[in-house]
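Peer 1: Structure incoming, see below.
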Amino acid sequence: MEDYASSDEDYHYDSDQDDSVEAYENDEDYALLSSKGPTTKVITKESLLVAQKEDLRRVMEMLSVREQHARTLLIYHRWDVEKLFAVYVDKGKAFLFGEAGVSVDQHPDSDSSVPSTVMCYICMEDVARVETTRMDCGHCFCNSCWIEHFIVKINEGQSKRIRCMQHKCNSICDEAVVRTLLSRKHPGMAEKYERFLLESYIEDNKRVKWCPSTPHCGNAIRVEDDELCEVECSCGLQFCFRCLSEAHSPCSCLMWELWAKKCRDESETVNWITVHTKPCPKCHKPVEKNGGCNLVSCICGQAFCWLCGGATGREHTWSSIAGHSCGRYKEQEKSAERAKRDLYRYMHYHNRYKAHTDSFKIESKLKETIQGKIAISEEKDSTLRDYSWVNNGLSRLFRSRRVLSYSYAFAFYMFGDELFKEEMTDAQREIKQNLFEDQQQQLEANVEKLSKILEEPFETFSDDKVVEIRMQILTLSTIIDKLCQKMYECIENDLLGSLHLGIHSIAPYKSKGIERASELSVCWNNKVNTGVTAELDRPSGSGSSDDNGCSSRKRARKDGLGGGFFDLNLPAEFIDRN
Amino acid sequence: MIDFARVQKELVECSKDSEGSGIKVSPKSDDLVQLFGTIPGPVGTPYEGGIFQIDITLPEGYPFEPPKMQFKTKVWHPNISSQSGAICLDILKDQWSPALTLKTALLSVQALLSAPQPDDPQDAVVAQQYLKDYQTFVSTARYWTESFAKASTRGIEDKVQKLVEMGFPEAQVRNILEAVGGDENLALERLL
Ligand SMILES: [Zn+2]
Ligand SMILES: [Zn+2]
Ligand SMILES: [Zn+2]
Ligand SMILES: [Zn+2]
Ligand SMILES: [Zn+2]
Ligand SMILES: [Zn+2]
Ligand SMILES: [Zn+2]
């Protein structure tokens, strides 16, 4: 985005001829202003808690419940606040709570008339009342049994929904109780529990996914509404949010999966060799078949049957070899021809796909060269001061290269037999293919032009010539942008839109390239020595959303917990009291 | 770590009213990890009159993890493997609660004998037969009960006689044979 930021300062040279250029640049500015800026967010280890606060707060306020109950409800509904509210409206609070295992009824705990020891029905021992804990559902067992239960469940990976120990009790154990009981003797377990609970926001949420980088950068990405998009993590990795593989539009996820697999499969190459060569039965050198009939001859002079590989005499007709009958003649002919045709088709698309991918790699090096050229130009005694147009042209080139290379994988499936054979007649397919290829060719031609111009030694040019080349680059960039846009629209509306199979959809075209997710604004202090990642500054549940919530007030840890970890759930009042 | 104190209590608890329920649990070995239970086939079912033995293995986390149970006696039932004796029952899996005991678990197994759930089968062949040809299912189940679940009872007199002939007092032989579910070798081990 920074590349566009300075574009309104660079008009100090003269202009009549530049009116159109200005228009283009303003266009880009306008596009920038009208989009709301990135709606995708990077969630780091540090901002994970803040990221879920908003959802928690909404549920807490709407239903007047404590944070742990809001979390239990949200985990049950996979962090879909709207769905949760819909259930609340349709079926009522009792249903909503019961279904998710939230008990909010208070069971009077300490009655002075009850004996000071009770029988725990798990360990079957009499235990002091103070050594027992009653959950919200009313079931009471001894603390050591609860702790054992929690540890088993956490190790089973069920931290997010630890149910009460009572048979058939659907109630979820209060996380504050789990935390308190575990922290005394099992701080490691408590931490593990905490982490699972926090990560539920990523694991169980269709709007949030881990960045697929390896080694993992530690981040997750949250999208606002449309899961069908491509995004760039702050670690620099660009990926398709839906399938988590590399950004592949205008291919659909399924097409990309098939294509990537096809490219990986060496069977194609193996196939190529078997289609094209066979070992000579005499000298075992591979012999290539060059069209025509099925009698081939090796340079050693041996003739043999292409179909079975057996040595034969030389006398033959189109459909038989004298004295040789292998019975596979006709049938094999057909399937071999077909395999060959399929392979040629694949190679056609793959070569073009690869050509653009390779160009993209080469052009990436161009970036450095160009920075050098810009540096030289800026030293020159010239009225031209701003060279951001070079970089803009370069990024346009990169973006469109990617679009082009993936467009070949798209075309391979769109117009092949594998996916849509039943979807269109040959005539329909031909019309569509012509339409698409026409656009693809236009785009290709302009991209090549841009690539060439960008390689010109503009640092040695006179000012007039630089102005001219700047004009050319801007014009080409605009054309290419429009062509890309048009191609995506054509794919979406004319090609995929008319299909009955609803499984193919593509991430929308973004003129400025793949959106870079922005960091959540967080106000955290990392506390390394607590054993937990961070402490939150803003008191939870207060509902105040003072712009970015940066207050200097630190949230105090509850000392009574003893363990080295932090309670996410203390109400604001408690903190204030501390 | 298995809570052995609780297992001990469960065994005592269980033996107290085994008369009424007919359900028994006894240790197979001294370490209390391997046990076996017996349940009488429910009245009014093809399993009536049979005594079914179930191998029980306690996992490390018992009672916070469910005990592993498997029919030792061959049984023809949609939710029990006719090959291995594996049982398909929710409380032995994710619906286990530490508040359940070996006895309550065995009661649930017994209840399963009365009320098969062919929609959640462990043995597809049996389940198919149960759904499509109920009469044949009943007679097969009954035949299996006759052949496998009663053999130990019928043979018990032979075993008693054999052990008495070896010089052990009859009352003790009967008690121990019953405690080990009729397993002659186990009984001999105990007697020695
Ligand atoms: Zn207890
Ligand atoms: Zn409960
Ligand atoms: Zn990343
Ligand atoms: Zn995808
Ligand atoms: Zn040769
Ligand atoms: Zn020929
Ligand atoms: Zn041949």
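Just so you know, the numbers here start at 1 and follow the chain as drawn.
Cβ from N, Cα, C; glycine included.
Caution: TrEMBL annotation is automatic and unverified by curators.
Computed from a predicted structure; not experimentally measured.
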Peer 1: Between A:1-20, A:421-440, I'd like to know which one TrEMBL lists as region 'Disordered'.
Peer 2: A:1-20
Peer 1: If I take every residue in the domain 'RING-type' (A:120-168) and average their pLDDT values, what number comes out?
Peer 2: 93
Peer 1: Going by DSSP assignments with H, G and I as helix and E and B as strand, what are the residue counts for the domain 'RING-type' (A:120-168)?
Peer 2: 19 helix, 12 strand, 18 coil
